[in-house]
Amino acid sequence: MTVLVGYVPSPLGEAALRAAIEQARFRDEPVLVVNTSRGDAYVDPRFAQEPDLDRVVRELVAAGVPHNVRQLMRGRDVAEEIVEIVEAEDVSLVVIGIRHRTPVGKLIMGSNAQEILLRVPCPVLAVKAD
Amino acid sequence: MDNLANLLDGFAHVLTPMNLLFALLGVTIGTAVGVLPGIGPAMTVALLLPVTYGMEPAQAFIMFAGIFYGGMYGGSTTSILLNTPGESSSVVTAIEGNKMAKAGRAAQALATAAIGSFVAGTIATVLLVVVTPPVVRFAISLGAPDYFALMLLAFVSVTAVLGASRVRGFAALLLGLVIGVIGIDQSGQQRLTFGLPQLADGIDVVVVAVGIFAVGEALWIAAHLRRKAGEVIPVGRPWMGKQDWKRSWKPWLRGTAFGFPFGAVPAGGAEIPTFLSYVTEKKLSKHPEEFGRGAIEGVAGPEAANNASAAGTLVPMLAIGLPTNATAAVMLAAFEGYGIQPGPLLFTRESSLVWTLIASLFIGNLLLLVLNLPLAPAWARLLRIPRPYLYAGILFFASMGAYAVNAQPFDLFLLLALGLLGFGMRRFGLPILPLIVGIILGPRAELQGRRALQLSGGELHGLIGGWMSWLIYATIAVVLLWPLIGRYVVRPLRGRLVTA
Amino acid sequence: MSGRTTRPDRGGDQPSRPPAVPEIPAQPAPAAAPAATAGAERAEPGTPDGPAAAPDETDAADAGAEPAPKPDRAQYGVCAFLALVGGLVIFDATTRIGSAINTADPIGPKPVPILLGVLLLVIAAIYAVDVARGGAGEPEAGEDVDLTLPIDWRTVLLLIGAFLVNAVLIDRLGWVISGTILFWGSAYALGNRHYVRNLLIAVALSLITFYTFAIGLGVDLPAGVLQGIL
C-alpha cells in the first residue's frame with residue numbers, strides 16, 4: 001500500500017507533502033509523489049522544476065520515508081492521471097491540497113480537487129495551506 | 001536638407017493622439033507576438049491585414065511598423081527567460097541570455113537586449129533615412145529591363161541562397177508564380193480562372209498570406225503539437241550596472257553594423273548577422289571565458305544585430321519594392337491592398353505616407369523601450385496561455401479576416417486550400433519565402449518584362465537594358481552556378497593556397 | 001522502492017533551431033534525465049515500453065537532420081502535383097486564353113503561363129531524380145513542432161472539419177455562431193477538454209470581433225439568424 005500525494009510547487013503543495021509524510025509514517029507505508037502538467041502551455045507554474053523536486057526528495061529523505069517521485073506530461077488533467085494511478089496501483093490514501101474557489105471560477109476553470117474527491121475510489125485527505 | 005524637413009513633417013503626422021494610439025497598439029501586439037514562440041511577425045501582419053482595411057493607410061503602416069519592431073523585441077524576452085527563442089533571429093540571444101538569467105542576471109540580460117535593440121533600431125532607422133533617398137534616385141534611373149532583371153535576382157536569391165535544397169526552392173517559387181498568374185491579365189484575358197467569377201480578380205493577397213502563413217502554420221503545428229512546460233525565471237525590473245553599460249555599448253554598435261546591411265540585401269535575413277555578431281563578440285571580448293556561461297556581450301551584440309536588420313529590410317522594400325524577408329513581403333502586399341505601388345515613385349507620390357512611416361519607426365522604438373523595460377515580467381505571463389487556445393485563435397482570426405475581405409464564403413474554401421498547400425510545403429521541406437515572393441513579385445515582374453519587350457517589339461534583346469541589367473544578370477549567373485564555381489574554382493584555389 | 005524519481009524526458013528543453021541558422025558552438029547539453037528512468041513513465045498506454053522512448057533521448061533539433069531510415073516515397077506525390085499543375089497551366093494557356101495580339105503588347109497573355117508550365121514540368125522531373133537519389137526535404141522545424149512525433153491526422157482532420165463547418169455556416173447562421181463553433185471545435189481538436197470554459201471564450205471572442213468589426217472598422221460580418229438580436 002502507498003500514500004499518494006498530488007504535489008505542486010507552492011505552499012499548498014508543500015502542506016500536502018508534509019501531511020502525506022505524516023500519514024506515511026503513521027501507516028508505515030511509502031509515499032508516491034505525483035506532479036503533472038498537461039504540457040500545453042509554454043509555461044506551467046504547477047509543473048515542478050529540478051530545484052523543487054530536489055527539495056521534495058530532501059524532505060522525504062530527511063523524514064526517512066521510502067518514496068517514489070513521478071512526473072507526468074501526457075496532455076491530461078491531473079485528476080485523470082491520479083484516478084488512473086489509484087485504479088492501477090495499490091494506493092491506500094490520496095493527499096491533495098485544496099483552496100477556496102468561487103462558483104463562477106469553478107464553472108469556468110473546473111475543479112481538479114472536486115474531480116479527485118469524487119472519482120478516486122480510496123479515501124482522500126484534503127489539506128489547506130497554512 | 002529636404003529629407004530632414006520631410007522627416008519632421010512625418011513626426012508631426014505621427015504625433016497625433018490617434019496615430020500614437022495605433023503605434024502603441026502595434027508595438028503591443030508585436031511584442032506579444034514576439035514573446036509567443038508559435039507566432040511570427042509575418043503571420044501577425046497577415047492576420048491583421050483585413051483589420052486595417054477600415055483604416056487610413058498611414059495608420060495601418062504605423063501599426064505594421066510597430067509589429068515588425070515589436071516582434072524583434074519580444075523574441076529576446078522569451079529567449080532569455082525561457083531559453084525558447086520566440087523568433088529564429090533570437091536563437092543566438094538564447095545562448096548567453098538564458099545562461100545569464102540562470103545565473104541570476106536576468107534583469108541585466110533583458111536590459112541590455114532592450115536598450116541595445118533601441119540603440120540599434122534608432123541608428124539603423126537613421127541609416128534608413130540616409131541611405132534610402134540615394135537608392136531611390138538610383139532606382140528612378142532604372143528602366144523596365146533593369147527592373148525585370150532585379151526581380152529575377154530577387155527570385156533567384158531567395159530561392160537559391162536560402163534553404164537546403166534548390167530544387168525545392170524553385171518548386172515553391174514556381175507554385176507562387178503560378179498563383180500570381182491567376183486572374184485577368186493586363187490584356188483583359190482570364191488566366192487560370194476556370195470560369196470561376198470569384199477568381200477573375202486574382203486571389204486576394206490577404207487570403208494568400210493568411211492561408212500560407214496562418215492556416216498552413218497552424219495545421220502543421222497541430223500535426224506535431226509539442227507537449228512541454230518550462231519555467232520562467234523570475235525577474236524584477238530590468239536594469240544595468242555601470243560595468244554592464246561599459247561592456248554593452250560596443251557590441252550594440254558592432255551588432256548594428258552587422259545587422260543593417262544584411263537586412264538590406266535580398267536573402268540576407270537576421271539569422272546570419274546575429275550569428276556573426278556573436279562570434280565577433282566572443283573573439284573581441286576581454287572575458288572570453290564567460291562565453292557559454294552568460295556573457296553580456298553575447299546578448300547585446302546579437303540583439304542589436306537583429307533589430308538593425310529589421311530596419312535594413314525596409315530599404316529595398318520602400319526604395320525598390322523588393323521584399324527581402326517574409327514580413328516585408330506581407331507588408332508589400334499590404335501596400336498593394338491600398339493601391340499603393342512601392343518602389344522609387346513611392347517617395348514622390350506618397351511622400352507624406354513614407355515619411356510618416358519612417359517617423360513612426362523612431363516613435364515605435366521609443367515606445368518599445370518604455371513598454372519593455374518595466375513590463376518584461378508581465379509579458380512572460382503570456383506564456384501561460386495553453387497552446388490549443390493559441391492555435392484555435394489563429395484559425396479563428398484567419399477565417400474572420402479572409403471572409404471580411406470580400407464577404408464571400410468562397411474565400412474560406414480558398415483559404416483552406418492555401419492552408420493545405422502551406423501544410424504540404426512544410427511537410428516536404430519546400431521553403432515558404434520563395435512562394436510568397438513569387439506570388440507578390442510575379443505579376444510585377446511580368447508587367448516589367450512585357451513592358452521591356454514592348455519597346456523592342458517582342459525581340460528578346462529588349463530584356464537587356466543598361467549596364468545595370470548586365471551586372472544583375474551576371475550576379476544571377478554567379479548565384480545559380482555557385483555550386484559549380486565552388487567545386488571547380490574556389491576549392492582548387494583554396495587547395496593551392498594551402499599547399500603554397 | 002526508495003528514492004526513485006522519474007521525470008518526462010527533458011531533451012526538448014533546448015531550443016530547436018530552424019535549419020537556416022548556422023551551427024552554434026557551446027550549446028549546453030540537454031539536461032536529460034538518466035536514460036533508464038526517462039523512458040519508463042513517458043511511454044503512453046498502448047505503445048511499447050522502452051524502445052518507443054529511444055528517439056526521445058536525441059536532441060529534438062537534430063531529428064529532422066538525421067538520415068531517414070527509409071526513403072520518403074510520398075515525395076513522388078509532390079513531383080506528381082508539380083507536374084499536374086504544370087500541365088494544367090499549359091492546358092489553360094493553350095486552350096482557354098484567347099489570343100489578343102496587338103502591336104502595343106507583342107507578348108500577350110500566353111507566353112508567361114506556358115513558360116511557367118514548362119518550368120514546372122522540368123522541376124518536377126529534376127525533383128523526381130533528386131528523390132530517386134535519396135534526396136529528402138527537411139520538414140519545417142519550429143518551437144511548437146515536435147518532429148519526433150508522427151503526423152497526428154486525427155487533429156488535422158478535426159481542425160479542417162471545424163474550418164469547413166464555419167465556411168458552410170457563416171452565411172446561414174452568421175459569424176457569431178459559426179465563429180463560436182470554429183473556436184470551440186479547434187480547441188477541442190487540439191486537445192483542450194474544458195468544454196464550458198472554451199464555450200464561454202468562443203462566444204466572447206465571436207461577439208467582440210463581430211462588434212469591433214461592425215462598429216470600429218465598418219466591415220460587416222454576417223449576423224445570420226441572429227439578425228435583429230445583435
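Using N, Cα and C of the backbone, Cβ positions are placed for all residues, glycine too.
If you look at the transmembrane segment (B:20-49), the same-chain residues 6 or more away from its ends with a CB under 8 A from one of its CBs are 14, 55, 59-60, 62-78, 84-87, 205-206, 209-210, 213-214, 217, 221, 325-327, 329-331, 333-334, 337, 360, 363-364, 367-368, 371-372, 379-380, 382-383, 385, 387, 390-391, 394, 397-398, 401. Residues or ranges marked as transmembrane segment by TrEMBL: B:20-49 (among others).
Per-residue pLDDT, averaged along the domain 'DUF112' (B:20-436), amounts to 86 for this model. The domain 'DUF112' feature in TrEMBL is assigned to B:20-436.
Remote same-chain partners of the transmembrane segment (B:61-82), defined as residues 6 or more beyond its termini with a Cβ less than 8 Å from a stretch Cβ, comprise 14, 19, 22-37, 40-41, 44-45, 48, 52, 55, 89-91, 93-94, 97-98, 100-101, 106, 109-110, 113-114, 117, 121, 230-233, 235, 270, 299, 303, 306-307, 310, 327, 331, 334, 353, 356-357, 360-361, 364-365, 367-368, 372, 376, 379-380, 383. Positions annotated as transmembrane segment by TrEMBL: B:61-82 (among others).
Summarising the annotation, TrEMBL assigns transmembrane segment to B:109-131 (among others). Residues 3, 7, 69, 72-73, 76-77, 80-81, 93, 96-97, 100-101, 235, 238-240, 244, 248-249, 251-253, 255-256, 259-260, 263-264, 294, 296, 299-301, 303-312, 314-315, 358, 361-362, 365-366, 368-369, 372-373, 376 of the same chain lie 6 or more positions beyond the ends of the transmembrane segment (B:109-131) yet place their CB under 8 Å from a CB of it.
The feature transmembrane segment is assigned by TrEMBL to B:138-161 (among others). Here the transmembrane segment (B:138-161) has Cβ contacts under 8 Å with residues 169-170, 172-173, 266-267, 319-320, 322-324, 343-345, 431, 433-434, 437-438, 441, 444-445, 448-449, 451-452, 455, 462-466, 468-469, 472-473, 475-476, 479-480, 482 of the same chain, all six or more residues outside its ends.
Within the chain carrying the transmembrane segment (B:167-184), a Cβ under 8 angstroms from the stretch's Cβ atoms is held by residues 155, 158-160, 190-193, 199-203, 208, 421, 425, 428-443, 446, all 6 or more beyond its ends. What TrEMBL records for B:167-184 (among others) is transmembrane segment.
Positions annotated as transmembrane segment by TrEMBL: B:205-223 (among others).
The transmembrane segment feature in TrEMBL is assigned to B:353-376 (among others). Sequence-distant neighbours of the transmembrane segment (B:353-376) (same chain, 6+ residues past either end, Cβ-Cβ under 8 Å): 6-7, 9-11, 13-15, 19-20, 23-24, 26-28, 31, 57-58, 61-62, 65-66, 69-70, 73, 77, 81, 110-111, 114-115, 117-118, 121-122, 125, 128-129, 235, 237-238, 311, 314, 318, 340, 346-347.
As annotated by TrEMBL, transmembrane segment applies to B:388-406 (among others). Residues of the same chain lying 6 or more positions beyond the ends of the transmembrane segment (B:388-406) and with a Cβ under 8 Å from any Cβ of it are 36, 38-39, 43, 47-51, 53, 198, 204, 206-207, 210-211, 214-215, 217-218, 221-222, 225, 412, 414-415, 419.
Under the heading transmembrane segment, TrEMBL lists B:412-441 (among others).
The transmembrane segment feature in TrEMBL is assigned to B:462-485 (among others). Within the chain, the transmembrane segment (B:462-485) has long-range Cβ neighbours (under 8 A, six or more residues past its boundaries) at 142-146, 148-150, 152-153, 156-157, 160-161, 449, 452-456.
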Residue numbers, six or more beyond the limits of the transmembrane segment (B:205-223), whose CB comes under 8 Å of its CB atoms: 38, 40, 42-43, 45-47, 49-50, 179, 326, 330, 333, 336-337, 391, 394-395, 397-398, 401-402, 405, 411, 414-423, 425-427, 432, 435-436, 439-440
